[in-house]
Amino acid sequence: MTQGNMPLRAKVATQVSRTAAALSRAAGRGDGSVIGGWIGLKIDPDLLEHLAAGRAIALVSGTNGKTTTTRLTAAALGVLGPVATNSFGANMPTGHTSALAKAGDTPYAVLEVDEHYLPQVIEETRPRVIALLNLSRDQLDRAKEVAMMAQLWRTTLAKHPEVAIVGNADDPMIVWAAGNSPTVSWFSAGQRWQDDSWVCPECGSTIERQDGQWWCTGCPLRRPAPQWVVEDDGVLDPSGAWHLIRLQLPGRVNLGNAATALAVAAAFGIRPLQAVPTLSSVASVAGRYAQVDRDGRNIRLLLAKNPASWLEAFDMADNAPTLLSINARDPDGLDTSWLFDVDFSPLRGRQVLITGDRAYDLAVRLDVNDVPFRHVQTFGEAIASVPPGRLEVIANYTAFQDIRAELDRVN
Ligand SMILES: [Zn+2]
């Protein structure tokens, strides 16, 4: 339904939600989407459902790449008309509510969804398509949740055969989670991080891998043939046509995110030839991949919040001086022993600087990996320590926010 046709309570809730978000923004408290959505849902607990009705919606979920894939997908669906999206990464129902309230009557929406909330958001938004990216450990204290999350998704998706799935063929957890869905379009971009999927979620046997394939040694679960495949610097579509993908975002992982966006767009009837040119419009995503010039240094920010994304960041980073920053505040997870799950040896030969609340944990880890480094107290000291040219910055969540703040909240 359009917002004009909503029940009175929902209309009021929508207006209050917008106003609260605007006031919060004006007060300099971020983009206001969490508080706006929270107030709207207090007034009308069914507000998300009302706001979603009548829109064709795609949801994007998984441990890594949600925000970027959501941005790329929203760009691709823009071919059809105006698209509502929660592009600031407010990925819980409060953020979705706020995004839809703020957008007004758009025919389309692309929403990034926190893994834990996917079942609830499916019920409330009735999506047409869901993209499932991967499931890996996010914070060590939550590691055993990977299998539980896959089970939760599998149970939920079995109840929604009407939803088309775009799924990652290289992640056994995703393949199993989508195993009961009748309509799945598989994509493949390779899987660098495999330590959370050595054990079959169906039968508990070992999963074997060879030449990009994987299969369970105890049951029929195996890698499905993907329809969308990252190859060189482009993507093969289901017809076998190859499309060169020009992105402003670095790394093979973002080509995989682009392939996902193309597959979602195809589920909405958009041909790759229409969607591909839109992808190059996406530059930085909430400051990630942003490049800032300061004192002759070109600083690039890479967010790495869990072991899988650290490996991806090493792959994306140029062979240039690199600053690593680690905090262990609440949003990061308090336990830094995950550092020992990551192989830091790709950094050998680069000038490495470390900083952050938990720089000394990083120091121990780098020492074990024989990577020389220097500790710096501030970001300014880091800039002064490297020659003019590229400085790569790889940081976990709150460390990333600290550095963004130092760089005047770059976008
Ligand atoms: Zn099995």
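Every residue, even glycine, has its Cβ placed from backbone N, Cα and C.
As the structure is a computational prediction, the values presented were derived from the model and not from experiment.
According to TrEMBL, the domain 'Mur ligase central' annotation covers 60-265. For the domain 'Mur ligase central' (60-265), the predicted model reports an average pLDDT of 91.
Positions annotated as Zn(2+) binding site by TrEMBL: CYS200, CYS203, CYS216, CYS219. Of all Cβ atoms in the protein chains displayed, 20 besides its own lie within 10 Å of the Cβ of CYS216 (Zn(2+) binding site). The DSSP secondary structure for CYS216 (Zn(2+) binding site) is strand.
Mapped onto three states, the DSSP output places ASP335 (active site) in coil. Residues or ranges marked as active site in TrEMBL: ASP335.
Within the same chain, residues at least 6 positions away in sequence whose Cβ sits under 8 Å from that of CYS219 (Zn(2+) binding site) are CYS200, GLU202, CYS203, SER205. The Zn(2+) site is set by CYS200, CYS203, CYS216, CYS219; from the centre of their CB atoms, other residues of the chain with a CB within 8 Å are PRO201, GLU202, GLY204, SER205, ILE207, THR217, GLY218, PRO220, LEU221. Neighbour counts of Cβ atoms within 10 Å were compared for the binding-site residues CYS200, CYS203, and the top value is held by CYS200.
Cα of CYS216 (Zn(2+) binding site) to Cα of ASP335 (active site): a span of 32 Å.
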